[in-house]
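What TrEMBL says about this one:
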type	residues	note
BINDING	GLY10, PHE11, GLY12, ASN13, ILE14, GLY15	NADP(+) binding site
DOMAIN	10-136	domain 'Aspartate/homoserine dehydrogenase NAD-binding'
BINDING	LYS114	NADPH binding site
DOMAIN	146-323	domain 'Homoserine dehydrogenase catalytic'
BINDING	GLU199	L-homoserine binding site
ACT_SITE	LYS214	active site, proton donor
Amino acid sequence: MRRVNVAIAGFGNIGREVARLLLERRARYAQVYDADVRLVGVCGSRAGRAGGDGLEPGDLADLEEGLSGQVFVAALAPDVLIEAGPTDFATGGPALGYLADQLERGGDAVAVSKGALVHSGVHLRTLAKANGARLRISGATAAALPTIDLIETGLRGARVLALEGVLNATTNYLLNAMMERGIGFEEALHEAQAGGFAEADPSRDIEGWDTACKLLILANFGLDAGLAIGDVAVEGIGAVTREAVAAWREQGLVPRLVGRLEYTGDTPRASVSVRTYPLDDPFAHIPGKTKALRVETDCMGEILTMGGGREPRATASAALKDLELLLSEPR
Ligand SMILES: NC(=O)c1ccc[n+]([C@@H]2O[C@H](COP(=O)([O-])OP(=O)(O)OC[C@H]3O[C@@H](n4cnc5c(N)ncnc54)[C@H](OP(=O)(O)O)[C@@H]3O)[C@@H](O)[C@H]2O)c1
């Protein structure tokens, strides 16, 4: 059985759930992939834990101060690095250093945060290619919803003509609350924050930037679109009024915050805006905290995927799907 050493950089909600599930699934990895998967290290911003022979669940409660950073992770030399740190679109954040080091060493990486992929996606892909390494990104592209897999694998052989996605669950929840219960934007937001469905600072979600980043990553990694974030025309949902909602309801229309990529000839154009859908369109029926992606193709027709699980388990499972994809195709 081959040994596969895994490390996790970023040990918050998602990173901890990844560790818990990974340790729970070791027997499956051995049985299905003939792989002896060991968790050889984890770290947050200031503290971490290393275990050459593999950490056990009981080792993860107490982290040791000072065990963190690129030097710490490089010393672990993991076969696979799962990165689940903060998202920073402006600089790429700590993820950029961790991912770049790992790929440069020829190790495989699974990215969960979006910042580095938006800021330096081309650089990271170039590093992966140059060093024979693989970079998987399911956790950063709407997580449990199969988006990048659908484009890369499910639709292989077809040409994608357009993508349209409800890629942010928080805004979908807010628009549904406004439509279904006639409440205003502020009230819906307050309610979502109280219920833990919206972050304390929800600006990235409601201003459309989270959707824009997911669309950009899908377009660049899945379709080689070569877009920069400045190329995406972005609108959020902050300006949606009760009056607009009442008028849409009267007309039998349902609003969604949608990221859309379409082509004029070979030139891609990306945007994020509120669009409305008639009741006979599946996009009118995307429940609460769910996401959806519709892809128009030249020869496979129109494909729709919709769904999503509870966090942090759903995103952690998406990261571990990427790990399984790496295990299933040993280098
Ligand atoms: N939560 C979700 O539902 C969800 C879904 C999809 C994607 N994501 C993305 O997944 C990522 C993680 O989300 P989360 O909810 O787990 O966030 P979180 O709970 O805030 O965890 C972030 C972790 O990153 C660590 N960190 C910060 N700087 C670091 C550094 N320089 N080196 C190593 N670790 C560092 C933090 O360390 P400390 O513990 O020391 O502060 C913390 O452990 C985010 O980028 C988020 O956008 C989240």
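Positions of Cβ are set from backbone N, Cα and C atoms, glycine also.
Annotated features taken from TrEMBL, shown on the structure.
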| residue | record | DSSP class |
| --- | --- | --- |
| GLY10 | NADP(+) binding site | coil |
| GLY15 | NADP(+) binding site | helix |
| LYS114 | NADPH binding site | coil |
| GLU199 | L-homoserine binding site | coil |
| LYS214 | active site, proton donor | helix |
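Taking the mean position of the Cβ atoms of GLY10, PHE11, GLY12, ASN13, ILE14, GLY15 as the NADP(+) site, the remaining same-chain residues with a Cβ inside 8 Å of that point are ILE8, ARG16, GLU17, VAL18, GLY44, ALA84, GLY85, PRO312. Taking only the Cα positions, the spacing between GLY12 (NADP(+) binding site) and the residue listed as 'NADPH binding site' is 15 angstrom.
You'll find the Cα of the residue listed as 'NADPH binding site' roughly 8 Å from the Cα of the residue listed as 'active site, proton donor'.
The distance from the Cα of PHE11 (NADP(+) binding site) to the Cα of the residue listed as 'L-homoserine binding site' comes to 18 Å. Here ASN13 (NADP(+) binding site) comes close to GLU311, PRO312: these same-chain residues lie at least six apart in sequence, with C-beta atoms under 8 angstroms from its C-beta. Annotation for the binding-site residues GLY10, GLY12, GLY15: lowest Cβ count within 10 Å of the residue's own Cβ, GLY12. Annotated pair LYS214 (active site, proton donor) and ILE14 (NADP(+) binding site), C-alpha to C-alpha distance, rounded: 18 Å.
Rounded to the nearest whole angstrom, the C-alpha distance between ILE14 (NADP(+) binding site) and GLU199 (L-homoserine binding site) is 15. Long-range neighbours of the residue listed as 'L-homoserine binding site' (same chain, six or more residues apart, CB within less than 8 Å of its CB): THR170, GLN193, ASP205.
This prediction places the mean pLDDT of the domain 'Homoserine dehydrogenase catalytic' (146-323) at 96.
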